[in-house]
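Asker: So Swiss-Prot says this about it:
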BINDING   ASP8, VAL9, HIS10, HIS34, SER35, ASP56, ILE57, GLY58, THR132, THR133, ASN134, GLU135, PHE139, ARG142  4-CDP-2-C-methyl-D-erythritol 2-phosphate binding site
BINDING   ASP8, HIS10, HIS42  divalent metal cation binding site
SITE      HIS34  site 'Transition state stabilizer'
SITE      THR133  site 'Transition state stabilizer'
Amino acid sequence: MLIGFGYDVHRLVPGRPLVLGGVEIPSKRGLEGHSDADVALHALMDALLGAAGLGDIGTHFPPTDPAWAGANSLDLLRRVVGLLAEEGYRPVNCDITVVAERPKIGPYVPAMRERIGAVLGVEPRRVSIKATTNEQMGFVGREEGIAAYAVALIAGR
């Protein structure tokens, strides 16, 4: 078994939907990015790719490539799971921490776990999603952006 770690951060801006863990969350601001800017899934993809020694999402889905403009990160995650399968790996579990002052994501976590688990091919209980604040410190504390960390375990098929 192999383990990988991922991190991502995006700026909060008006006029964009807020998507976290594959779920759209009501908010006056969303995350800025080339794709849907889902920091939770981007951190998870980096963790999965890192565990397999396959680089990072910027290598596979460069922000300079118009093909990925507005991409749904669940679709990108499916592609990452496919890349793992080509190398003989499968996801086992993951643990994601979202760092944001608001919105509170607790009510949306069950849907996130379901959606991510379905793409990874694991039971939702194998997908852990937690949230914390930055205690009003730094860019997250000033509500300028949202960050996410992820750890993923993969195994050979």
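Just so it is clear, glycine is given a Cβ too, placed from its N, Cα and C backbone atoms.
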Asker: For the recorded positions HIS10, HIS34, HIS42, which Cβ has the most other Cβ atoms within 10 Å, all shown protein chains included?
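Answerer: Checking each of HIS10, HIS34, HIS42, the winner is HIS42.
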Asker: Across all protein chains in the structure, which of the recorded positions SER35, THR133, ASN134 has the highest Cβ count within 10 Å?
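Answerer: When each Cβ's neighbours within 10 Å are tallied, SER35 tops the list.
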Asker: How many other Cβ atoms sit within 10 Å of the Cβ of ASP8 (4-CDP-2-C-methyl-D-erythritol 2-phosphate binding site)?
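Answerer: For ASP8 (4-CDP-2-C-methyl-D-erythritol 2-phosphate binding site), the count of other Cβ atoms within 10 Å is 23.
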Asker: Given a separation of at least six residues and a C-beta threshold under 8 Å, show me what packs close to PHE139 (4-CDP-2-C-methyl-D-erythritol 2-phosphate binding site) in the same chain.
Answerer: VAL9, GLY145
Asker: According to DSSP, which kind of secondary structure is ILE57 (4-CDP-2-C-methyl-D-erythritol 2-phosphate binding site) found in, if we only use helix, strand and coil?
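Answerer: Note: ILE57 (4-CDP-2-C-methyl-D-erythritol 2-phosphate binding site) is helical by DSSP.
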Asker: Taking the Cβ of THR132 (4-CDP-2-C-methyl-D-erythritol 2-phosphate binding site) as the reference point, list residues of the same chain whose Cβ is under 8 angstroms away and which are at least six residues distant in sequence.
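Answerer: Long-range Cβ contacts: THR97, VAL98, VAL99.
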Asker: How would DSSP class HIS42 (divalent metal cation binding site) in three states?
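Answerer: SS state of HIS42 (divalent metal cation binding site) = helix.
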Asker: Of the recorded positions HIS34, HIS42, THR133, which one sits closest to ASP8 (4-CDP-2-C-methyl-D-erythritol 2-phosphate binding site) when you measure Cα to Cα?
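Answerer: Spatially nearest to ASP8 (4-CDP-2-C-methyl-D-erythritol 2-phosphate binding site) by Cα position is HIS42.
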Asker: Can you tell me how far the Cα of HIS10 (4-CDP-2-C-methyl-D-erythritol 2-phosphate binding site) sits from the Cα of HIS42 (divalent metal cation binding site), in Å?
Answerer: 10
